[in-house]
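Report on the structure given below.
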């Protein structure tokens, strides 16, 4: 009897806790909604100079206050400094975390994106419970928990040519934690026009870079990169991958440069580029070209006098999301639903998976033949032999004289289109139908098999 009463009591307590949790979630949603509305009206006045630190602040920052290079005056400068963080992802999270911990007076947080499960391995301010919420509000809440004295101003929006210059002018130092060329050019041009130093970092795979632009007569981003790279040569973290600890290292180094700049110590990497190779454990530093007198942004006769359409300038989108290529006509593609119907009908065909081996190791469809895109691009003899044998085997299962269509799949439907173009150019396959599967395996996971891993 006692055991039964305990079970009933526990069940009642669980029900009560679930009701409390539901209420808390509703309050959180309301608070986030209110925050999104109030974020449009942000403080524009500069922070007042600080004459002294409180007793609590002295205790809190005591370990850095005793540094002769920083001291009381440097800490007072940090308390009166406003830093704009563009991007609350793998770089922006550790950067903002250390800026808040060090006592920077105001942090502006710019990001249009929401928290996703794939962010959590490297974006350390966000947690599982906030999936689907705006990154800037998740980050601001975490930073306030860390240091309630720091003013966090979230901007849940993309940085655009219409808003960037006004926003940059409200801050003393800007940190670029973005992951795309249009935003880098936009932020750099805005910093030049506003007269603000720019601390810029990037990370991909096991490598990272860090520099400071437009400081003390040093070069701006356009001085170093007058023309944007071809869009097809740019690899994002979503495409190429990145190790979370790499973004952590670069974000911390970025925070160090921001703190030195804001405290009046001067940055270490103005006119220099720090290169980090995590696999080798190496740090290298190279000197950048000097400020160009003919630079379109910061030169003697600049032509960039206001902000422009940077997506058109770069030929790519101002986002780190995977771009959807359109290399094929609709007739050369098949939807994931139509492919599933074809598969269920047991119609003879060959499914060719062109992802790299490292992605195939994560997940695959068991009936797919794997030949990486790179092997097709270089016409690898062994891969061609395997493909030829698979086509011949497919013909044996088809009606006499019938051809076996090839359907090409990858993660998202981009590399598969490139592969179709390659296969269409081969004379020995000109009699075969070759099509790309729209949306790739992520479409399969979303629309066909909810248990299929997404990565």
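Positions of Cβ are set from backbone N, Cα and C atoms, glycine also.
Among the features that Swiss-Prot reports, active site, glycyl thioester intermediate is placed at 237, with the record citing sequence analysis. Under DSSP, residue 237 (active site, glycyl thioester intermediate) is assigned to a helix (H, G or I) in the three-state scheme.
The active site, cysteine persulfide intermediate annotation in Swiss-Prot covers 410 and is backed by sequence analysis. Taking Cβ-Cβ distances under 8 Å and a sequence separation of 6 or more, the neighbours of residue 410 (active site, cysteine persulfide intermediate) in its chain are 353, 354, 355, 373, 416, 419, 440, 441.
On its own chain, residue 90 (ATP binding site) has 119, 122, 123, 177, 203, 237, 242, 244, 247, 248, 251 as residues at least 6 apart in sequence with a Cβ closer than 8 Å to its own Cβ. Residues annotated as ATP binding site in Swiss-Prot: 90, 111, 118, 119, 120, 121, 122, 135, 179, 180.
Among the features that Swiss-Prot reports, domain 'Rhodanese' is placed at 345-453.
For the region 'Interaction with NFS1' (156-236), the model's pLDDT averages out at 94. Under the heading region 'Interaction with NFS1', Swiss-Prot lists 156-236.
For the recorded positions shown (118, 120, 122, 179, 237), fewest C-beta neighbours within 10 angstroms: 118.
For the domain 'Rhodanese' (345-453), the DSSP-based tally of helix, strand and coil residues reads 46 helix, 14 strand, 49 coil.
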